[in-house]
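Down below is the structure, laid out as structure tokens.
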Amino acid sequence: LELNKSALTFYNKTDKMEENKATRKLRVCVATCNRADYSKLAPIMFGIKANPDEFELEVVVLGSHLIDDYGNTFRMIEQDDFDIGSKLHTIVRGEDEAAMVESVGLALVKLPDVLHRLRPDVLVVHGDRFDALALATAAALMNIRILHLEGGEVSGTIDDSIRHAISKLAHYHACCTRTAEQHLIAMCEDHTRILLAGCPSYDKLLAAHHRDDYMDIIRNWLGDNVKEHDYIVALQHPVTTDIKNSIKIYELMLDALISFNKKTLVLFPNIDAGSKEMVRVMRKKGVEQHPNFRAVKHVPFEQFIQLVCHAGAMIGNSSCGVREAGAFGTPVINLGSRQTGRETGENVLHVRDADTQNKIYHALELQFGKRYPCSKIYGDGNAVPRILKFLQTIDLDEPLQKTFCFPPVKEWDISQDIDHILETQSALAVDLGGTNLRVAIVSMRGKIVKKYTQANPKTYETRMELILKMCTEAVIDAVHLNCRILGVGVSTGGRVNPQEGVILHSTKLIQEWSSIDIRTPISDALHLPVWVDNDGNCAALAEKKFGHGKGVENFVTVITGTGIGGGIIQHNELIHGSTFCAAELGHIMVSLDGPECMCGSRGCIEAYASGMALQKEAKRLHDEELLEVEGMLDLKKAESVSAIHLINAARLGNHKAEAVLRTAGMALGVGIINILHMVNPSLVILSGVLAAHYQAPVQQVIGQRALTSAQSIQVLTSDLEEPALLGAASMVLDYTTRRIY
């Protein structure tokens, strides 16, 4: 009985310990040093505060937040209704190198008392500032677990060294990009403690930048006469490893902006060494009194989002230009070396040697007023839920001692979220056919995860509405399918300008589909980058990434379907031509007086060998009662006759049908010989529903009529079931292909 009582007491005690462990809140201390890092930390702080059953939040404010010259930005933290547990005056004024070192020392003197009093389970620090280095150093020495945000990135100046130093002190990492994750792994950080989360500020950016009152905000900061996309935001900081040159660039930038004569919001530089000299330059040039300029120390983040989103351009060297501005497609001019190495979208124009006013002025001329596709390089709007989930899994009973994973390191496709479930890197592929509109989620390896098909509407408005509806549905489904959508690729018939994302002229099968900017509405609706190209080019890209063309430097793909099209890969690059008319293979003429083609000419390959041409011949034979043979089903109406009936009749011995197919195969073969003699590929790939029927006759014609050196070139039939969708996806998934566009 005593033994049973003892056992019962033990089990009750154990259950009680487990219950206490399960209900214990994680005590998280978030430390913010300046206005920039608060914009990244605030979404996490709101998330922690919204989950009081799991977390207990402590806020520590230090650095330039508490300095009047930099706007006393601690007030915006109080306005956000956060209780600031400690305010530490840690900045030694002087704005030079020695003052930065003294500021780190002063912070290290003051932080131990605060951290000892708060006793957090985890300290959250951000980025690459010298204040953050002091925080990480103090916490590491006091055996407090550290979660570092935005580690693994590369930018330039002393920031890189500080960022990587903090990463080595930190126990956990929440990084923004796949490349940053790879850098951390290469730095021997434990991959199981790295979360690929995205940038927390993007959660707010993507959710809040479409505000109805944005014009009120713009007018409040720049005056009543300013218009959307007709002003500039300028934000330049010192480069601490090259202060003299960064001040010179700042002076040249202000001169260029004065000459450019547009309304400009100039934000004061940060507190780094050299900032005092930059402010002197600004005042020497009379910027604060100039009618075109508004110089400010601080703009609340929610309003700053609106100002950057609707600006005609952003200029300077702030990380905001190469990171957050990309979410809006705002054109950016990045000056100097401060952001060297950062991943950027196509909206950023780099002026690394900003050594003349004229060079900066010319960059403003090139960029001002443009709009670019929205970029999600740094986040997809779901960073905070991932980070909170990550925090919840921290085991406080695990040893605090860091362990490093020395080479060999794990592959790039390691688990990236807290449940160790791989989010499949995927693309959204759109194929606009004459009959159907198709959308698919396509994985990095070419697997179609899910496909959606609808009849293609006949008018522009209904077609665009359906495209956006289907794409939105696919993006929502992608979350449940554990797919992370990297961008959208669009395949369409006709002539396309892939650089601008514009359909110039479409085929007759797709009505109201010429001079259409398809990139912008899709990018604006989904906040994703968008690539567009002709369906023939997409078929070639599909073969290059997933099919017979993989690893082949020079090849040609010919689509044999309703029409005839294709794409040419030369030296691993897709050929578009000067007016985007290259590889119109269906309109190679093989006869001067042949049948009329849909393009208006005569004797094109398409007029002989396309599905439409074969259907036309099938109807003619049917009308003349020359198509039916024994073994075929009776055809009651000419409208039901198709190319397949012609092929079946030929297979069953109909000599007239055989003659039509023989002529079609000869025409296609002669056209392909012309291609061989012009670009000399090492491989020809036939794609489309008629490919299998043409492979043997085309190979035979090449063997009989091509030059001796070209007769050995192989003709293969594509193994890809969905070349248009896979090609559209490859524009997104393949980095090399993307750089061509």
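Cβ atoms here come from the backbone N, Cα and C positions, even for glycine.
Per TrEMBL, domain 'UDP-N-acetylglucosamine 2-epimerase' is recorded for 53-391.
What TrEMBL records for Asp535 is active site. Of all the Cβ atoms in the protein chains shown, 26 others lie within 10 Å of the Cβ of Asp535 (active site).
Sequence annotations record features per position, and here TrEMBL assigns Zn(2+) binding site to His587, Cys597, Cys599, Cys604.
Distance between Cα atoms for Cys599 (Zn(2+) binding site) and Asp535 (active site): 17 Å, as a whole number. For the Zn(2+) site, the Cβ centre of His587, Cys597, Cys599, Cys604 serves as reference, and the other residues of the chain with Cβ at most 8 Å from it are Gly586, Met589, Met598, Gly600, Ser601, Ile605, Glu606, Ala607.
Across the structure, Cys597 (Zn(2+) binding site) and Asp535 (active site) are spaced 19 Å apart at their Cα atoms. Counting other Cβ atoms within 10 Å of each Cβ, the binding-site residues Cys599, Cys604 show the lowest value at Cys599. If you take the Cα of Asp535 (active site) and the Cα of His587 (Zn(2+) binding site), they are about 15 angstrom apart, rounded to a whole number.
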